[in-house]
């Protein structure tokens, strides 16, 4: 009706069309306004529902996070401010808001933050991710028991299987304990027998504590200190803590000291136990925890006055053991063959861990495995081969934690193969390992005090080591261990436990350090396993000949200075004495080169080219001066990586040597020892360097007999020059850096010297009245007679 009425009006009035058009527009506008209003209402409702869901999610997340934090002994989170809070609240939490916005963009629910007590910043999301994994470690169930024992006892023993989490979690709980005490905050030290473990564990714990490595958490190894004044938890090699004790005998900066991997019974750990046992008596506020991965803890308990024991079981799965029916003639060949067979034939996923004895063997195996897998063609699964040994740089050590390659489309399994020294036995845990290949060998230090020879020999491992290796296969699920030796050999030929290092080492450095610590009565020092008296006497004799101890066995001023250098006594003496021969710069460089891994690279496929490259650096007088030539050439070529590659030189070794040299230079500066050089054009330039070498190594000399072989001076051991020497002739008298026991007796890193220097520089040692009869004695007698008759006024 109204519609017709309006239309009628339109027909009656001339302006009706215009008015009808305007009314239509109004109606459209009203409808649009109404639609927009409805959309806004719907949007508001949807937003309200989403906010409610977000609040519910946040509440659930906070509840689960709080449960996790409370179980971890940390304070629960408080409710976060909403996005629509007041301006002042917004500004107060600007850091958190910005972080939440970022998290929102990333598609994550905003997590309420609690403040990191070490940085005073909110914890990062990664902290909570890591915390969830930490709480799953077996050790967490024992936190309350651990804290109770820590509070009530000054020292105790903790046994936890590899992978239980003891190395990463226990030190953090000790930090919490130290922070809860009133008064000045002392730090926590955790010693490791191996540098790789000290570095990689420190990095992991820094991540877990949400701090920068080198700040609140740091590490200290020989020639490298990654810590600061802020460091409250320091991982270090056992030798470094012993060195700290020389300048701080009561270790006052620490409130808790943890000796980790004590079952390895390294030389430094054994000495530290004796030192700490005495320190604990003088410092009632010091806590000492001895941690071991094996169950023979009774000996440690008895040693520390029947202290308590806390045992933490690991989470291990069954491991199937396979033996070879017959002994393997070439264990390296057998190991490589086993890796290939497992990779090709095993149908279940899982990574491999192969134990070998040293860097050269590991590098060789990695190359050969890669080459053989590449030759198998594209149908075989991808393989990622990762070496692991102590001299690898930290970033390369971290590769062991990388995931394996993915499966191929044809279903072929990708695997990670870690080829490691015995560091992977207990020091580091590598998740994902299901197959272990154990050839049954490791390099061990062996010392013969009668002939004063210490060597690294490839020897059979103990049953305890074999069990630890097998256990690596059962960390995440049931595994398999392939032992490349017979079951009979395991049962009848292997020792039960590894022989403590103190019973098979040259104790020169140890005795020097103990003397520096003020421990003079070595016979009554509380060793857990006392070394043989002959070994101790040899060490005292060496230090007396080097003038580090006087005839009464007391530390001399020179000996006190030598103890400050992180070097063997012979090297330390050589560095200090080089100042008297105007060649301390050059001797510093040689010492640095001797302190790092072999600098010459000799790949199997390019041995001839590598040998030719080495001879370009060769010095006519021998290997020490050849090392000096390499270092000088490296510096002159601006430390170029390409130059190293072209000349078959290990770049990492040279960079390490440069770092070592700088540290030794700083120690020299501290004692005001002049750093100088003889003029290069002088004929005495190389003579002075060779004389300086004699000041440290006059006890390591060999004489060429008429029969054509060398005899070591005094000890009369038949030896040969090592094939790696650059000497192209046989000098009558040579000084050597090390005695190598293999199929033959070799002397390695040799330099041509003059016999006159020996009797002039070390007359006490070259006293002919107690020298055995030999060609060398007869010749030295003649030289001494000539010197005494003034025929030689110069030498």
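Here the Cβ of each residue, glycine as well, is placed from N, Cα and C on the backbone.
Just so you know, the Cβ of residue 162 (ATP binding site) picks up 21 other Cβ atoms within 10 Å once every protein chain is counted. Sequence annotations record features per position, and here Swiss-Prot assigns ATP binding site to 160, 161, 162, 163, 164, 165, 166, 167.
The feature compositional bias 'Basic and acidic residues' is assigned by Swiss-Prot to 20-62.
Look at Swiss-Prot and you will find 79-108 tagged as compositional bias 'Low complexity'.
Marked as SUMO2 cross-link by Swiss-Prot on the basis of a large-scale study or a structure entry: 786. Using a 10 Å radius centred on the Cβ of residue 786 (SUMO2 cross-link) and all shown protein chains, the other Cβ atoms total 12.
Positions annotated as domain 'Helicase C-terminal' by Swiss-Prot: 338-518.
According to Swiss-Prot, the region 'Disordered' annotation covers 1-108.
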Proximal but sequence-remote residues of the same chain as residue 164 (ATP binding site) (Cβ under 8 Å, at least 6 apart):
137, 138, 139, 312, 313, 314, 315
Out of 160, 167, which of these binding-site residues shows the lowest number of other CB atoms within 10 Å of its CB?
160
What residue among the binding-site residues 161, 163, 165, 166 has the most other CB atoms lying within 10 A of its CB?
166
Residue pair residue 167 (ATP binding site), residue 786 (SUMO2 cross-link) - Cα distance, angstrom, rounded:
64
Write down the Cα-Cα distance for residue 786 (SUMO2 cross-link) and residue 162 (ATP binding site), rounded and given in Å.
65
For the ATP site given as 160, 161, 162, 163, 164, 165, 166, 167, which other residues of the same chain have their Cβ within 8 Å of the site's Cβ centre?
137, 138, 139, 293, 312, 314, 429
Let me know the model's mean pLDDT on the domain 'Helicase C-terminal' (338-518).
93
Roughly how many angstrom lie between the C-alpha atoms of residue 163 (ATP binding site) and residue 786 (SUMO2 cross-link)?
68
